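These come from TrEMBL:
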ACT_SITE  251  active site, proton donor
BINDING   60, 61, 62, 103, 210, 261, 262  substrate binding site
SITE      171  site 'Transition state stabilizer'
Ligand code: MRU
């Protein structure tokens, strides 16, 4: 089931480690729960196992979850045993429903599953075997497009940054959270590649520690100067004038620009406002949920209390203490300076500027 294959050539190319790779009908995903101490790749061939990998955070980060779900859908489709297109579409919907139940907040999961299903429906005049083959290509297209999108986003975003820039980021919005390159870290990578003098402060991001385990690891491999801080140090740094901007990713953006991202993002946006520091969100158009008018409608996942009471196997809190563990919070649009997408940068009244940018993506 598992193979230890370091993937250092990707880092040398400045794109970071791609968390998913697909060959010979097998999806391999790096187990992000074990980074940075172990680089373990797990093999997936079954949609139920892919759903479990998303739920348990083997793979995480909004765009990466969407890519994994697309392959999960393909595995589910491959295993459906019928020649009837109607029966196939019905069973395929059940496969996608199971995958959709794995995590509630990142809209890219539902976006990818809807794309797979509407693709299948649009080929309903073909034999089931042909639909299946086409679905495998569609999952691959979603994965490959994601890295291209992130590189375009990086180019747009890096133009916002001055020649010398000290950036604070939260969670991991890097190559590991996407099909490759990253969203917030994509902007940082593109700025570094453009020759800008970049320094990063990475929040450790309690409780799951995506910042210390994943972001610090990714940026160190790329040779981008990075300083790890605890989440509660950000305000002090800003008050000392040591942060020029904040860049984060997003799990779901409502039509008005309200943005759900990793818990702690909202506090950073409030702090940035207080200190007059630009606060940027970098996310693909697929992260915008135009069906939600504002952020109050975004479902916020609550995770296992054990993530708060323990680090690894080590208990840090008393037995039976009450715990609240929301995995995300919502940053109101008024605190966001700009939203960076693959189609350009949205500023001002997001109710108008986001649909204008999204227009260019219609397939
Ligand atoms: O719980 P996670 O690790 O899946 O949360 C990830 C984040 O909050 C990221 O910032 C977000 O998905 C953007 S990733 C490009």
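Cβ atoms are placed via backbone N, Cα and C, with glycine included.
Unlike curated records, TrEMBL annotations are generated automatically.
Overlay of TrEMBL feature records on the structure.
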residue : record                             : DSSP (3 states)
60      : substrate binding site             : coil
103     : substrate binding site             : coil
171     : site 'Transition state stabilizer' : coil
210     : substrate binding site             : helix
251     : active site, proton donor          : coil
261     : substrate binding site             : strand
Note: in the chain of residue 60 (substrate binding site), residues six or more apart in sequence with C-beta under 8 angstroms of its C-beta are 32, 54, 172, 177, 210
For residue 171 (site 'Transition state stabilizer'), the nonlocal same-chain Cβ neighbours (under 8 Å, six or more residues apart) come out as 177, 203, 205, 210, 211, 215, 248, 249, 261, 262, 264, 265
Here the Cα-Cα span from residue 251 (active site, proton donor) to residue 62 (substrate binding site), rounded to a whole number of angstrom, reaches 5
Excluding 60, 61, 62, 103, 210, 261, 262 themselves, the substrate site's Cβ centre has within 8 Å the residues 65, 106, 171, 172, 173, 177, 249, 251, 327, 328
Taking every pair from 60, 61, 62, 103, 210, 261, 262, which the record gives as binding substrate, the longest CA to CA distance in angstrom is 17
Within the same chain, the residues at least 6 apart in sequence whose Cβ is under 8 angstroms from that of residue 103 (substrate binding site) are 54, 55, 65, 109, 301
The number of other Cβ atoms within 10 Å of the Cβ of residue 62 (substrate binding site), counted over all protein chains shown, is 27
In chain order, residues whose C-beta lies under 8 angstroms from the C-beta of residue 61 (substrate binding site), counting only those at least six residues away in the same chain, are 19, 106, 172, 173, 174, 176, 177, 178, 249
